[in-house]
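**Q** For 239, the entry in TrEMBL reads active site, proton donor. Summarising the annotation, TrEMBL assigns NADP(+) binding site to 10, 11, 12, 13, 14, 15. Residues or ranges marked as NADPH binding site by TrEMBL: 140. Look at TrEMBL and you will find 224 tagged as L-homoserine binding site. For 171-369, the entry in TrEMBL reads domain 'Homoserine dehydrogenase catalytic'.
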């Protein structure tokens, strides 16, 4: 059996779902001659490490207990007596991850899997990568930091995977890198890269009020706790930046033109989440309704789109033909069109569910398995 030891950073929705997937896929992976050993799990304050990182990992029963505890809001340190593991906190946690990376990275191998939403993992990921470890990301922030840090992180490109940072489980990154590797220059990428904003645009098209849609989306769990995190367009911009950098463009987030769906005076620094939901949102209804009507009068629909072309990345609302791939989009699906020499007149189109913990975690697991040839 080929053993893939992993350390998981982050026990939020995606991290917990990844652990569930690893447990449920044991039989499948066994048939493929693979076993994934979870040797460490961390949250924002501590790290639990298996007592024998060289030969075994945490038992599935203990991994399930971790998921239950974190879902209930309990810290990892509350589980210390439930499994055969050691607890590290603060700087000791970071140093221990580096120590494990040094021990395993250039021998049997180690994958550090970042399912957090933190920018503080950047330095750690650079360190473990330099020690020969693999890195798998669902966290976009390490890839959307300054260009110098980005280039350090991806300098060992064979050992890094980050499919889930752009399209959850959709093969967007893989498709872009395959086209580039074939010597077929990509001239344009156009996509709807937010399931949340896709849902909002579809509901607007049905004639519903913007405020009503956003409140419903929040109650359904489609948005972040503060919906402005989605409505600002920043998440889409980060995804666009990752794709732009894949094309070789040395740009930063500040170089991207981003259209927010709310004005700056309604921002987090000026208005609480509660006030935004109860007072601010309704003031945006008329403007969004007018933009939908203007698009409809031309036979078009309104979509929140990322356009990457001519060394520029722009993110915002666009009017599109109803019968186009992006115009036909409904609900929370994502669509990405890739234009190149070979796909000049008929683009490569990738479509499907582009959000959700389950889908994202499945993409992360696929990335881990994709690295199997690098492990002893």
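Every residue gets a Cβ built from N, Cα and C, even glycine.
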**Q** Which whole-number value in Å describes the distance between the Cα atoms of residue 239 (active site, proton donor) and residue 140 (NADPH binding site)?
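**A** With distance taken Cα to Cα, residue 140 (NADPH binding site) is 7 Å from residue 239 (active site, proton donor).
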**Q** Restricting to the chain of residue 15 (NADP(+) binding site) and a gap of 6 or more, list residues whose Cβ falls under 8 Å of its Cβ, or answer none.
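**A** Expected: 8, 9, 41, 70, 115, 116, 361.
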**Q** Quick one: among the recorded positions 140, 239, which has the most Cβ atoms sitting within 10 Å of its own Cβ?
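**A** Buried the deepest by this measure is 239.
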**Q** Far apart in sequence but close in space: which same-chain residues, 6 or more away, have a Cβ under 8 Å from residue 12 (NADP(+) binding site)?
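**A** Residue 12 (NADP(+) binding site) has long-range Cβ partners 70, 115, 116, 117.
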**Q** Counting Cβ neighbours within 10 Å across all chains shown, tell me which of the binding-site residues 10, 13 comes out on top.
**A** 10
**Q** Enter the number of other CB atoms within 10 angstroms of the CB of residue 11 (NADP(+) binding site).
**A** 24
**Q** Note down the number of other Cβ atoms within 10 Å of the Cβ of the residue listed as 'L-homoserine binding site', including every protein chain shown.
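**A** The answer is 15.
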**Q** Setting 10, 11, 12, 13, 14, 15 aside, what same-chain residues sit with their Cβ within 8 Å of the center of the Cβ atoms that define the NADP(+) site, listed in sequence order?
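**A** Other same-chain residues with Cβ inside the cutoff are 16, 17, 18, 70, 115, 116, 357.
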**Q** What Cα-Cα separation, expressed in whole Å, is found between residue 140 (NADPH binding site) and residue 14 (NADP(+) binding site)?
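**A** On Cα coordinates alone, these residues lie 13 Å apart.
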**Q** What residues, ordered by sequence, lie under 8 A Cβ-to-Cβ from residue 14 (NADP(+) binding site) and sit at least six positions away in the same chain?
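**A** Expected: 115, 138, 164, 357, 360, 361, 364.
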**Q** To the nearest Å, how far is the Cα of residue 224 (L-homoserine binding site) from the Cα of residue 10 (NADP(+) binding site)?
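**A** On Cα coordinates alone, these residues lie 17 Å apart.
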**Q** Within the domain 'Homoserine dehydrogenase catalytic' (171-369), what mean pLDDT does the predicted structure show?
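**A** Result for the domain 'Homoserine dehydrogenase catalytic' (171-369): average pLDDT 93.
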